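Visitor: When I checked TrEMBL for this same protein, it listed these features:
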DOMAIN    4-112  domain 'HIT'
MOTIF     97-101  motif 'Histidine triad motif'
ACT_SITE  His99  active site, tele-AMP-histidine intermediate
Amino acid sequence: MSCLFCQISQKKIPSQVQLDTDDIFAFNDIHPKAPVHILIIPKKHIPSTAEVEKIDTEILGKMILSAKKLAEKSNINQTGYRLVFNTKSHGGQIVDHLHLHLLGGKMLGPMA
Ligand code: 5GP
Ligand code: ZN
């Protein structure tokens, strides 16, 4: 599998790791859009939210709980943060492996 985020989660490509569990991996975005910008991904290859299935319900919940935990670790849980799933081209998705953006550490502008 030549997927970039599969390779990052398998540590074949280095990243600044924030979380590494049996089924979830999280790492700093290489081009941060905010002081805190972490990508939370399932280790299972799912292309986008458009392909999630009922069997993925647990992993989706774990992604949000991981975001909560990382927001606490990054000290942005009190000031607040934004969680974003970009989906396919109109949604601005560049990497075709499901990922949740955790953004915070500054006042974020209005959504596009
Ligand atoms: P998307 O636009 O697909 O929702 O977000 C993909 C994100 O992945 C972008 O914010 C981009 O900066 C980040 N990204 C792309 N390639 C790499 C990489 O090789 N390493 C890391 N850490 N982040 C990457
Ligand atoms: Zn993948």
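Glycine is no exception: its Cβ is also placed from the backbone N, Cα and C atoms.
Heads up, TrEMBL stuff is auto-annotated, nobody curated it.
If you look at the structure here, what lies around each of the features I listed?
Guide: Secondary structure by DSSP for the domain 'HIT' (4-112): 32 helix, 25 strand, 52 coil.
Within the same chain, residues 3-6, 29, 37-42, 45-49, 51-52, 63-64, 67, 82-86 sit at least 6 positions outside the motif 'Histidine triad motif' (97-101) and bring their C-beta atoms closer than 8 Å to a C-beta of that stretch.
Cβ neighbour count for His99 (active site, tele-AMP-histidine intermediate) (all protein chains, 10 Å cutoff from its Cβ): 25.
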Visitor: Tell me, what is the mean pLDDT of the motif 'Histidine triad motif' (97-101)?
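Guide: Taking every residue in the motif 'Histidine triad motif' (97-101) and averaging pLDDT yields 98.
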